[in-house]
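What TrEMBL lists as signal peptide is 1-21. Under the heading domain 'Corticotropin-releasing factor binding protein N-terminal', TrEMBL lists 52-177. The feature disulfide bond is assigned by TrEMBL to 60-81, 104-141, 183-205, 237-264, 277-318. Taken from TrEMBL, the feature domain 'Corticotropin-releasing factor binding protein C-terminal' applies to 185-306.
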């Protein structure tokens, strides 16, 4: 099964589990027979000539990973809709309003959220984002004549909207900008390699992989010595200003996930862990006193794989019952 299709199917399960909401939480109804998400292939990206703008209509529930101009026109009252945008780890997402025809006085809304939010869970979490939750929302009905362009703080963003009157809708242009020091990231694929660098900044950064994975940390620079500690009540990185932790869980918000392991000290070598959770997060906490860097690679976990590797492996977690 192609990795993009695996990603789509996994997100379908998340969306179908989303709870009923009002203005800030999404309810997904009647997804339909057609696949509701579209992760455009590299082939399509290559086919677009220089300067050519990709255009298409939006579905009520949609997902995009490419720049372009996108239009939604309601053919019936659409009360719980959202579009999720995702870029490469080193990209930021800019959402520009080109045309908006909605009835703000009639309880329509069109909002941009800086990150993703599903079932009340946010990525990045409130602990890892520079803005408060309320500041992460840009409501067109409140700021449409002032702020017609919004840029994300990481490689994911979303819009969610409610339109009562058929024929009403909007057009947005999605652009991507380079982020020299990617911090919070959701991976588009179940395998890859990434280096996270936090240069003398007091901030927390999370790398989220929405798959069960084997994750292997090959290099960690925090400015002090060697060590890898499992999370226990009396053991961990409490009091250490700079550290990396591995988290696992079934939701989107790293702050609500189960802490699996702490890495408190620098090392060169190999630290590996199998994490069978729906979502795996590597999170770096930085005091701002050092240039912190971690390099890791990951691949989707084969649930039939039971043999422990001879490398620095530690206990497996989150395997579903079969």
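Backbone N, Cα and C atoms are what each Cβ position is placed from, and that goes for glycine too.
Residue counts of the domain 'Corticotropin-releasing factor binding protein N-terminal' (52-177) by helix, strand and coil are 10 helix, 67 strand, 49 coil (DSSP-based). Taking the Cα of residue 277 (disulfide bond) as the reference point, the closest of the disulfide-bonded residues 60, 81, 141, 205, 264 is 205. The disulfide-bonded residues recorded for this entry are 60, 183, 205, 237, and the Cα of 60 lies nearest to that of residue 141 (disulfide bond).
Around residue 277 (disulfide bond), taking its Cβ as the centre, 24 other Cβ atoms fall within 10 Å, counting all chains.
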